[in-house]
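Since the structure comes first, as structure tokens, the remarks are kept for the end.
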Amino acid sequence: MSVIYLDNNATTQVDAEVLAAMLPYLTEFYGNPSSMHTFGGQVGKAVQQARGQVAFLLGAEESEIIFTSCGTEGNNAAIKAALAAQPEKRHIITTQVEHAAIINVCKQLEKQGYKVTYLSVDSQGQIDLLELEAALTGDTALVSTMYANNETGVVFPIEQIGLRAKDAGAIFHVDAVQAVGKVPLNLKTSSIDMLTLSGHKLHAPKGIGALYIRRGVRFRPLLVGGHQERGRRAGTENVPGMIALGKAAELAQIHLKDVKREKALRDRLEQGLLSAIPNTEVNGHPTSRLSNTTNIGFKYIEGEAILLSLNKYGICASSGSACTSGSLESSHVLRAMGLPYTILHGSIRFSLSRYTTEAEIDKVLQLMPPIVERLRAISPFSNDQADWLQGREEALAH
């Protein structure tokens, strides 16, 4: 059975060119880039080339890029560095819909005496800039938000957030793990101070990422030891991963033109599902959204049941973040949006890539209506019960 992979916000297929670029650094050019001999030196040059490729994709300088192991490390490093640089400030602002790699760090910091403001979002997943303005104080060290939500694809007004953070004297960090390679970036003209990315979300292997640190932003390293990454991230370099990320960044720049094609396929999927299946709606902002992502709610059934049914046909989708998919709780993102109980528990995410085909989308459109019809036929919730649940959603959630 062939696989139709529509879970690209969880991870992506490694591009064949990326694999070809990294393999020689596992078998042939395996020297340590910190070594003084020529064998290690040529590896060091390749690492610098990869750094330049990542910088070019971001519209940044090579010196502003450090390699990390993943998005989680980058987020931890950015948040803790911002606080270490401003020990007199004890306030952080983030949002209620962040990835666990941000929210759980903030919860840990609250236990250490920091005050954290979690900005709310509206029913379309957008923040209120007036709420941000009201939250900013002279004690605010950091504003940390995602660029685009991993579950709904909703894109935040990043530059407007950044300008407000700057006016308040706060450092602005952006978790752009879902956005890099999907939206054009030019950090030279941006208000972003630090930005996190992860290789496995843009067709590089798992275990490699990068952190952008604007020139002049004070940074205390999370990992201390050797002199690697100009003293900003200790540890022997993951050279094959760095080469892979560099090549993936180069290809991502080229494939930014595919965004229109991805959006057309995404829209075809959405429109087909909405027209064929009643009591169905798209979760998130109608326009300010990643071109590859759709989060759709099907009333009166459980999202997990839909995913299991799709899995029988080799179709891979998700009910939310892969980092929390083992939890039986409903999505914290959709809860924050205030969605009704019936949509909250019946929502799934499809996330496309440059490899997604029209035939794959049509296959999903063929299979979804009978799957939903069958699940609704055996669902314990009638329309009347569902209406009752909507009025009781808060009680049931607890």
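Each residue, glycine too, has its Cβ placed from N, Cα and C.
Under the heading active site, cysteine persulfide intermediate, Swiss-Prot lists Cys323, citing similarity to another entry as support.
Proximity of Gly71 (pyridoxal 5'-phosphate binding site) to non-local residues of its own chain (separation of 6 or more, Cβ distance below 8 Å) is seen for His99, Ala101, Asp175, Val177, Thr196, Leu197, Ser198, Lys201, Gly209, given in sequence order. According to DSSP, Gly71 (pyridoxal 5'-phosphate binding site) is assigned to a helical segment. Among the features that Swiss-Prot reports, pyridoxal 5'-phosphate binding site is placed at Gly71, Thr72, Asn150, Gln178, Ser198, Gly199, His200, Thr236, with the record citing similarity to another entry.
Annotation comment: Swiss-Prot describes Cys323 as [2Fe-2S] cluster binding site.
Other C-beta atoms found within 10 angstroms of the C-beta of Lys201 (N6-(pyridoxal phosphate)lysine) number 27, with every protein chain shown included. Following the DSSP three-state reduction, the secondary structure of Lys201 (N6-(pyridoxal phosphate)lysine) is helix. The N6-(pyridoxal phosphate)lysine feature in Swiss-Prot is assigned to Lys201; the stated evidence is similarity to another entry.
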Record-listed pyridoxal 5'-phosphate binders Gly71, Thr72, Asn150, Gln178, Ser198, Gly199, His200, Thr236 have a maximum CA to CA distance, in Å, of 31
If you count the other CB atoms within 10 A of the CB of Thr236 (pyridoxal 5'-phosphate binding site), including all protein chains displayed, you should get 11
